[in-house]
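**Q** Just dropping this structure here.
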Amino acid sequence: MAREVVDAMTMRRALTRITYEIIEQNKGVGNLVFIGIKTRGIFLAQRLAQRLKQLEGVDVPVGSLDITLYRDDHHAVDVAGQAKLNGADIPVDINGKHVILVDDVLFTGRTVRAALDALMDHGRPAKISLAVLVDRGHRELPIRPDFIGKNIPTALDEQVSVALEEHDGHDGISIEKLEE
C-alpha cells in the first residue's frame, strides 16, 4: 500500500524553491532552456518555466526529451548501427545555452546519463544542470543534481511515485514497498 509523503501544497513549495534557486545561481535567466525528461519531467519543466515567468517576467523555452533509445538497457539501432534519435522536441538552438534538465525522480542516475547522451546529439550547451523533484539516493553513476525539491531516502525495495495534475489528475508523491 502506497503512503503519501508529499502533498500538493508541499510539492508546489518545492518547485517554487527550485525556481528561486535557479534564479539565484544564474546571472540572469535569458540564457536558460528547460528540457524535461519524458514524461513527468516535461510537466515539471513547464511548471518551472511558468513560475520563473511569474517571478522574473521572462519566457524560458521548454523542450522535451524521450530518452528511451538512449537507455543502456535498450538496444534499438538502425541498419548502420547508429542509435536512432527519437522523440526530442527542443524549440531553440541549445548551443551556448545553459540547459537545465528536469526529471521527477533521481534514483540510479541511468536516466540522466541517457538524457545527457540524447542532449549532446542536439548541440553543445555552455552548461548543463540537473533539477529533480525527488532525490531518493542509491546512485549507480556519479551524477548529482544541482536543484532538488525533496530528498526522500528510500530502501531499494521501495518505489517512489510522483503524481502530477497534468498527467495523473492530482499532485503528490508516494512511496510503496515493492512486491517480492
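Numbers run from 1 along the shown chain.
Every residue, even glycine, has its Cβ placed from backbone N, Cα and C.
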**Q** If Swiss-Prot says Thr39, Arg40, Asp103, Asp104, Val105, Leu106, Phe107, Thr108, Gly109, Arg110, Thr111, Arg136 bind substrate, which of Val60, Val62, Val160 does it name for the same site?
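**A** Same substrate site in Swiss-Prot: Val160.
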**Q** Under Swiss-Prot, which of the candidate ranges 99-111, 112-124 is annotated motif 'PRPP-binding'?
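**A** Feature motif 'PRPP-binding' in Swiss-Prot: residues 99-111.
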**Q** I want to check the contact list for Val160 (substrate binding site): same chain, sequence separation of six or more, C-beta distance under 8 angstroms. What comes out?
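**A** Listed in sequence order, they are Val105, Phe107, Val134, Arg136, Ile152, Thr154, Ile173, Ser174, Ile175.
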**Q** Give the nonlocal contacts of the motif 'PRPP-binding' (99-111) in its own chain as ranges (CB under 8 Å, at least six residues past its ends).
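**A** Here the qualifying positions are 22, 32-37, 40-42, 44-45, 48, 65, 67, 71-73, 119, 125, 127-143, 145-147, 160, 162, 164.
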